[in-house]
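**Q** Next up is a structure, given as structure tokens.
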Amino acid sequence: MKERDSESFESLSHQVLPNTSNSTHMIQMAMANSGSSAAAQAGQDQPDRSKWLLDCPEPPSPWHELKRQVKGSFLTKAKKFKSLQKQPFPKQILSVLQAIFPIFGWCRNYKLTMFKNDLMAGLTLASLCIPQSIGYATLAKLDPQYGLYTSVVPPLIYALMGTSREIAIGPVAVVSLLISSMLQKLIDPETDPLGYKKLVLTTTFFAGIFQASFGLFRLGFLVDFLSHAAIVGFMGGAAIVIGLQQLKGLLGITNFTTNTDIVSVLRAVWRSCQQQWSPHTFILGCSFLSFILITRFIGKKYKKLFWLPAIAPLIAVVVSTLMVFLTKADEHGVKTVRHIKGGLNPMSIQDLDFNTPHLGQIAKIGLIIAIVALTEAIAVGRSFAGIKGYRLDGNKEMVAIGFMNVLGSFTSCYAATGSFSRTAVNFAAGCETAMSNIVMAVTVFVALECLTRLLYYTPIAILASIILSALPGLININEAIHIWKVDKFDFLALIGAFFGVLFASVEIGLLVAVVISFAKIILISIRPGIETLGRMPGTDTFTDTNQYPMTVKTPGVLIFRVKSALLCFANASSIEERIMGWVDEEEEEENTKSNAKRKILFVVLDMSSLINVDTSGITALLELHNKLIKTGVELVIVNPKWQVIHKLNQAKFVDRIGGKVYLTIGEALDACFGLKV
């Protein structure tokens with residue numbers, strides 16, 4: 001078909017086209033001879049559908065749109081409230097409780113068999129949680145008991161308010177690193193541990209307030225500013241930084257840097273290794289690290305032994321503690337945890353410090369922690385909810401996580417969120433509901449009451465080994481390779497976050513990732529793609545000529561589609577210049593191929609992708625129209641959206657182009673050439 005169109009046009013192109021009307025006539029003959037068009041009369045029998053576009057009602061203003069959305073939100077709630085009023089009072093109370101506390105919904109159908117599964121999952125979870133919580137507390141520069149506190153109250157609150165059945169709540173490595181790396185710049189935890197603890201609790205309070213606000217006001221889109229690629233890079237960089245910091249405990253080093261960048265950490269390790277380090281501590285830590293990693297390999301290979309890697313850290317703690325106690329290794333340079341304060345979480349409302357001179361910085365750090373913690377928790381929750389086949393309510397998750405951190409800050413807990421590694425263990429152990437979190441929290445509480453004295457001789461190197469064993473799960477090389485193959489710009493955000501965390505600091509890594517993500521959005525807005533369209537053979541479908549090389553170009557017509565939702569000040573001039581450039585190139589190319597002068601008569605602009613246009617966009621369209629008219633080319637508009645056609649009418653642009661506005665490209669070509677294409 002393409003060859004027939006070209007041959008027909010070639011037969012006419014040997015004549016010089018003196019004016020537009022003659023050119024149009026000759027193109028019509030070419031198109032008719034090609035057999036790709038019906039008779040002109042067939043086109044005249046069709047209704048003039050362009051009037052539907054031009055006579056459409058006025059679209060709602062932005063103010064009315066905002067009012068409609070707010071009204072719709074309130075009407076939805078009002079309808080729920082009215083339906084609630086029709087119910088008996090006891091059912092009203094139950095419905096309200098279920099909305100706030102989902103546990104009242106699923107506990108009514110709770111069975112003994114489900115509890116057996118949750119009990120096994122909760123106990124398995126606790127065996128992993130207890131040693132990890134102690135290790136993560138030391139990573140956050142807090143006393144070990146604060147990690148255990150964080151594994152008691154937040155999981156209980158989440159079990160009442162959360163919607164995920166599998167997520168395991170507690171302290172995590174990345175949030176612990178964020179807290180220590182940013183807050184120790186304000187107060188040194190070594191010289192002023194009480195002041196540092198107050199900062200941590202106040203930061204946790206702010207993080208919870210931000211998280212709950214995101215859910216209550218439906219501001220979850222703020223979390224999306226950290227793209228998936230940025231999170232992958234950030235997690236990978238943070239994992240390496242955390243691993244390097246654990247060399248202090250693994251080598252038994254006393255003096256260590258407070259910086260988190262890789263250069264400072266490696267320099268500190270090198271200096272310490274030349275002066276003082278404990279071979280006994282290193283051998284002990286590496287031995288149990290190998291043991292934990294081997295059990296993890298066995299658990300992955302044999303699915304029935306999923307419980308083995310889960311209890312391996314607890315076994316490592318118990319065995320190493322007995323070894324140190326029996327051999328008195330603590331007298332030979334092996335550092336131990338020593339005193340861990342037991343008992344129920346003490347109240348800490350009085351420790352929240354809102355009079356500190358660092359309040360502004362604490363609020364900023366709280367916002368960062370809130371976003372990172374929510375991103376991790378919601379990603380984990382949605383992953384496992386998808387496997388189980390149910391929907392996770394993102395807004396309720398934000399509210400639940402926010403309230404658990406606010407209440408956690410009142411009970412000596414630091415920022416908690418969902419842990420991917422522990423959630424995977426919880427899922428593999430066969431958990432049915434959030435009851436597994438309750439079982440885990442009760443088990444940790446029992447450990448706080450009864451077992452803390454037994455941890456006096458637990459080597460710090462073992463805690464470092466437990467943290468190191470959890471880090472490979474944070475480094476997702478396969479996902480990084482996948483991102484590289486799919487989207488190079490996303491991979492740039494990944495690399496920026498990774499190297500930012502690794503060579504600068506955690507907050508710099510996050511900032512780099514967000515800046516690159518914004519830069520991607522801005523570049524796409526400034527330089528949107530423009531497609532040159534052609535007709536698919538034997539159809540009335542017009543598609544991108546680069547994607548589908550078999551498409552047939554219509555002689556004398558250039559058809560463009562702008563791949564952008566907005567035609568605005570940021571991209572209008574660029575789009576105008578590129579279209580004019582293509583028009584000039586097309587005419588030069590056609591003139592080179594044939595000795596006779598071949599004329600472009602129409603430029604058809606498909607606006608089906610555009611949602612809105614501003615005054616700069618309209619000005620650019622006017623300039624494009626004026627430039628095309630000077631070269632004897634007419635501009636035709638196709639399928640503008642409601643807001644777009646309204647603004648073009650208001651600006652009298654439709655009158656300027658002679659009302660050449662059509663619903664489809666085919667109708668535009670029919671009208672231009674008087675033929676049905």
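The backbone N, Cα and C atoms fix where each Cβ goes, and this holds for glycine too.
What Swiss-Prot records for 1-118, 163-166, 300-304, 382-397, 448-454, 512-677 is topological domain 'Cytoplasmic', and it gives sequence analysis as the kind of evidence. Residues annotated as region 'Disordered' in Swiss-Prot: 23-54. Under the heading compositional bias 'Low complexity', Swiss-Prot lists 28-44. The transmembrane segment annotation in Swiss-Prot covers 119-139, 142-162, 167-187, 199-219, 222-242, 279-299, 305-325, 361-381, 398-418, 427-447, 455-475, 491-511, and the record cites sequence analysis as its basis. Annotation source Swiss-Prot lists topological domain 'Extracellular' at 188-198, 243-278, 326-360, 419-426, 476-490, citing sequence analysis. For ASN255, the entry in Swiss-Prot reads N-linked glycosylation site. According to Swiss-Prot, the feature domain 'STAS' maps to 548-672.
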**Q** With DSSP as the yardstick, break the topological domain 'Cytoplasmic' (382-397) down into helix, strand and coil residue counts.
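**A** DSSP composition of the topological domain 'Cytoplasmic' (382-397): 11 helix, 0 strand, 5 coil.
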**Q** Summarise the topological domain 'Extracellular' (326-360) as counts of helix, strand and coil residues per DSSP.
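**A** Helix, strand and coil residues of the topological domain 'Extracellular' (326-360) number 11 helix, 1 strand, 23 coil.
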**Q** Using Cβ atoms and a strict cutoff of less than 8 Å, what residues sit near the topological domain 'Cytoplasmic' (163-166) while being 6 or more residues removed from its termini?
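**A** Hits for the topological domain 'Cytoplasmic' (163-166): 102, 381, 384-385, 388, 390, 392-393, 396-397, 400, 418, 423, 426-427, 431-434.
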**Q** According to DSSP, how is the topological domain 'Cytoplasmic' (300-304) divided among helix, strand and coil residues?
**A** 4 helix, 0 strand, 1 coil
**Q** Quick one: do the transmembrane segment (491-511) and the transmembrane segment (222-242) reach 3+ CB pairs under 8 Å, ignoring pairs fewer than 6 apart in sequence?
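**A** Answer yes: the transmembrane segment (491-511) meets the transmembrane segment (222-242) with 3 or more Cβ pairs below 8 Å.
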**Q** Compile a sequence-ordered list of residues in the same chain as ASN255 (N-linked glycosylation site), six or more apart from it, whose Cβ lies below 8 A from its Cβ; state 'none' when nothing qualifies.
**A** ALA268, SER272
**Q** What residues in the same chain, six or more past the boundaries of the transmembrane segment (142-162), come closer than 8 Å to it by Cβ-Cβ distance?
**A** 100-103, 129-130, 132-136, 168-171, 189, 193, 196-197, 200, 337, 340-342, 344-345, 396-397, 399-401, 403-405, 407-408, 411-414, 416, 434-435, 437-438, 440-441, 444-445, 447-448, 452, 455
**Q** Restricting to the same chain and to residues at least six past its boundaries, which positions have a Cβ under 8 Å from a Cβ of the transmembrane segment (398-418)?
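**A** Distal contacts: 137, 140, 142, 146, 149-155, 157-158, 161-164, 167-172, 175-176, 179, 200-205, 207-216, 220, 345-349, 351-352, 369-370, 373-374, 376-378, 380-381.
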**Q** Which listed stretch (119-139, 167-187, 222-242, 279-299) has the most C-beta pairs under 8 A with the transmembrane segment (427-447)?
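**A** Per the Cβ count, the answer is 119-139.
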**Q** Which range wins on Cβ pairs under 8 Å with the transmembrane segment (279-299): 119-139, 167-187, 222-242, 305-325, 361-381?
**A** 305-325
**Q** For the transmembrane segment (199-219), which partner among 119-139, 305-325, 361-381, 455-475 gives the most CB pairs under 8 Å?
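**A** By Cβ pairs under 8 Å, 361-381 leads among 119-139, 305-325, 361-381, 455-475.
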